[in-house]
Structure formats: C-alpha cells, structure tokens
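Here is what Swiss-Prot records for this protein:
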type     : residues              : note
BINDING  : CYS98, HIS140, HIS144 : Fe cation binding site
ACT_SITE : GLU141                : active site
Amino acid sequence: MLLPIYLYGHPVLRKVAEDITPDYPKLKELIANMTESMYHSDGIGLAAPQIGLPIRVLVIDADPLKEDYPECAGFKRVMINAHIEERGEDLCTEYEGCLSLPAIHEKVERPTSIRIRYVDEDFQPHEEVLQGFAARVVQHEYDHIDGKLFIDHISPIRKQLIKGKLQNIIKGKVRTSYRVVTAPTGKKR
C-alpha cells in the first residue's frame with residue numbers, strides 16, 4: 001500500500017523517534033509499505049517519521065546510484081533501532097534532496113564513514129562500517145529518526161535563500177508525483 005509522505009513543517013519530522021520491539025504491530029507490512037512508497041516516489045531511502053510514525057525504522061535501496069557510487073551496488077537495508085556509534089573524521093560535501101523537501105537540493109557536509117548498529121526486519125543484530133555515498137544515505141535517513149532534516153546542516157545564508165521554497169512546502173504549494181501530508185493541519189491531498 002502506498003503511504004503518503006509527510007512534508008517539511010509537519011511536527012512528526014522534528015520528533016526523536018523511539019526504538020521498537022519485535023512485537024510491533026504489523027511490522028512486516030509496514031516495511032513492505034514503506035519500501036513500496038519509497039520506490040513509487042523515486043526515493044533511495046525512507047524513514048518512518050516521513051510516513052508519520054515516530055519510530056526508528058529505515059528502508060534504503062541505494063543500488064540505483066551504483067554507476068556513480070560503486071559502494072552503493074547492492075546496498076539495500078532495513079534498519080530498525082539504528083544508532084550511529086561512530087562518525088569518521090574525514091568530511092565530504094555533496095548535494096542532497098529529500099522526499100519531505102520536494103524540489104530542494106543543497107550541498108551538505110557529512111563524514112565519509114560511519115559505524116552503525118541496528119537490527120534487521122527479523123531483529124537480527126548488525127554492526128557495519130559504511131563508507132562514501134552509502135554512509136551519506138544512511139546518515140541522511142538517520143537524521144530523520146533523530147528529528148533532523150538535511151537543511152539543518154546548511155548555512156544560515158543558504159537557508160535564508162530557500163526560505164520562500166520552504167514556506168511553499170509548509171503551505172502545500174508544491175507538486176509531487178506522490179501523495180503527501182502537509183503541515184500544520186495534516187491534511188492529505
């Protein structure tokens with residue numbers, strides 16, 4: 001089932017998400033719906049807060065980026081209760097976009113490597129060291145479960161320059177190919 005994407009300005013995107021337990025209701029169905037919604041909206045990642053749930057669940061498929069970023073080849077994950085344990089010292093700046101911030105792309109500086117622990121959809125524990133763009137994708141999605149957005153990492157001047165676009169998103173004056181929930185009313189369209 002396709003789920004609507006919550007847009008910038010909706011309060012759920014600013015909540016720090018909670019860990020869940022293996023008995024979370026209809027978890028497999030939720031993961032399948034999140035994955036379907038991610039693909040339908042041409043995303044490479046989706047976090048549960050982006051569909052209105054303040055829980056620590058991420059779905060990622062960065063494989064479509066493999067031509068430009070070989071480290072993304074086959075990089076498909078479901079990450080539950082993810083926690084970044086360590087961030088590398090080396091930084092890299094790349095453009096990022098977000099389904100919750102349609103039509104906005106800005107340069108964001110992030111560590112080039114991270115160490116993350118999480119459980120998969122079967123609640124099997126994992127710890128991985130990720131590099132390059134795969135690390136960037138995970139950090140971007142991870143921000144969502146910590147109540148952050150990629151625009152929180154841009155300069156105040158850049159944020160001022162996109163203020164009009166951000167206001168339009170809040171007001172729902174944005175076109176997308178996917179269903180959205182706008183702020184502050186939460187009205188679906």
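Cβ from N, Cα, C; glycine included.
Note on GLU141 (active site): other Cβ atoms within 10 Å of its Cβ, all shown chains, come to 25. Sorting the binding-site residues HIS140, HIS144 by the number of other Cβ atoms within 10 Å puts HIS144 first. All protein chains considered, the CB of CYS98 (Fe cation binding site) has 24 other CB atoms within 10 Å.
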